[in-house]
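Trainee: As annotated in TrEMBL:
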| type | residues | note |
| --- | --- | --- |
| DOMAIN | 115-265 | domain 'Alpha/beta hydrolase fold-3' |
| ACT_SITE | SER197 | active site |
| DOMAIN | 329-389 | domain 'Alpha/beta hydrolase fold-3' |
| ACT_SITE | ASP356 | active site |
| ACT_SITE | HIS386 | active site |
Amino acid sequence: MKWKPLVVAALLTVAVAYYIYQPLPDAIEKPWKLMMLDATFRTMMHLGFLKEWLDLGHCISSVKSSLESFEGFMTVDSRGGVIPGVKFTDTTFAGVPVRVYEPPAGGEGHLRRGLMYLHGGGWAFGSGKFGTYDSISSMVSDELNCVVVSVDYRLYPEVHFPEPFLDCLAAAKHFLSPEVLARYAIDPERVAVSGDSAGGNLAAAVAQEISIDDGVPVKFSVQALIYPVLQALDFNTPSFVQNQNMAVLPRHTMVRFWLQYLNADLSLLPQFIANNHSSSLHSAFTTELRSRLDWTVLLPPKFKKNHTPLVVEKKGSPEILKRVPGLLDRRAAPLLAEAAAIAKCPRAYIMTCEYDVLRDDGLMYAQRLRDAGVSVSVEHLEDGFHGCFGFIAWPLDFDVGKRAVRAYISWLQSNL
């Protein structure tokens, strides 16, 4: 009978390994570390769903608490400690909570750079005050002699679109006011807006809105977007298909984030994954509108490979725009903006990752900006995956993450 505990232990080990293991591309560095990370996130979500089923609170609120505890282990910069001299202040801009990072004293009489950062997290998670967001903002402030404003916009489930966008826009207008720029000794010709993932979405949308608003005298001179999410009409682009089961951000999770953000019924998820929601039955999805996210035209050949567009002709729901009006709102989906608005945008830096469902969103937006006459630099990480920009500190340190942050700061150094 002594063998029974060994059998049970062996079965549990196999079960855990099966839960953790998932095939990853050969180019991924430290695959088991990424698998463990992904399994941790999935476990948080599963526990959150269980708590919601037991009427113990909203699943997203539960996951937020777990993530904040998890991120507490990583509140150090990639060089191993707090950056001397960089000070931060928690305050509000137009009623929106922000953390302001100011570089070490020195160089009095000279204006400094300014940068507004909008964190990622699917419009549901994250805060600029925790984890590597805090660390990277400190690094940017220190290395670029830059005042960084990290915005804590409101999140799901408390709010939906357009509230997060409106929070960021209000904070941006406050930041760009001559009085605030003067208070922080910021050069009005050297102010950037930046963000990653859902924050990249908000940064692109805010950059567009500020660019076309004649009531805002100071404009952003740069937009720096890290694997931004930019459209919700086509979830079968080559990158969505190639990376549909990729760790950290599989396709079904990204679609769920969109449904939550747009305050849509989560039961629509299968329809969205199948592109039923963007069926050509909908007269609003005109040929001209479709051209704004036509990856067969906008993507470089190397990313098209042997993929073919998925256009559903007969299964769409004519009521979808009434149920989810934000689908065609450029404030939610900046890739859908008209060419005239895009032409007024500031020069751009767009980082994309090969193993990311959002890769093609960023690449298509880069091409639309170029077509409109805007200068664009694309940083494509061949071994990158979604979220890697934030994985620079132990225990979630990846070389590709450190390279991503270094490339981002270097570009800002030369272009802001």
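We number each residue from 1, going along the chain as drawn.
Backbone N, Cα and C define each Cβ position, glycine as well.
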Trainee: For the domain 'Alpha/beta hydrolase fold-3' (329-389), give the DSSP counts of helix residues, strand residues and coil residues.
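Mentor: The domain 'Alpha/beta hydrolase fold-3' (329-389) comes out at 23 helix, 19 strand, 19 coil.
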Trainee: How big is the gap, in Å, between the Cα of ASP356 (active site) and that of HIS386 (active site), rounded to a whole number?
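Mentor: Cα-Cα, rounded: 5 Å.
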Trainee: Report, as a single number, how many Cβ atoms besides its own are within 10 Å of the Cβ of SER197 (active site).
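Mentor: Result for SER197 (active site): 28 neighbouring Cβ atoms inside 10 Å.
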Trainee: Can you grab the distance from SER197 (active site) over to HIS386 (active site)? Cα atoms, rounded to a whole Å.
Mentor: 8
Trainee: Taking the Cβ of HIS386 (active site) as centre, how many other Cβ atoms lie within 10 Å?
Mentor: 25
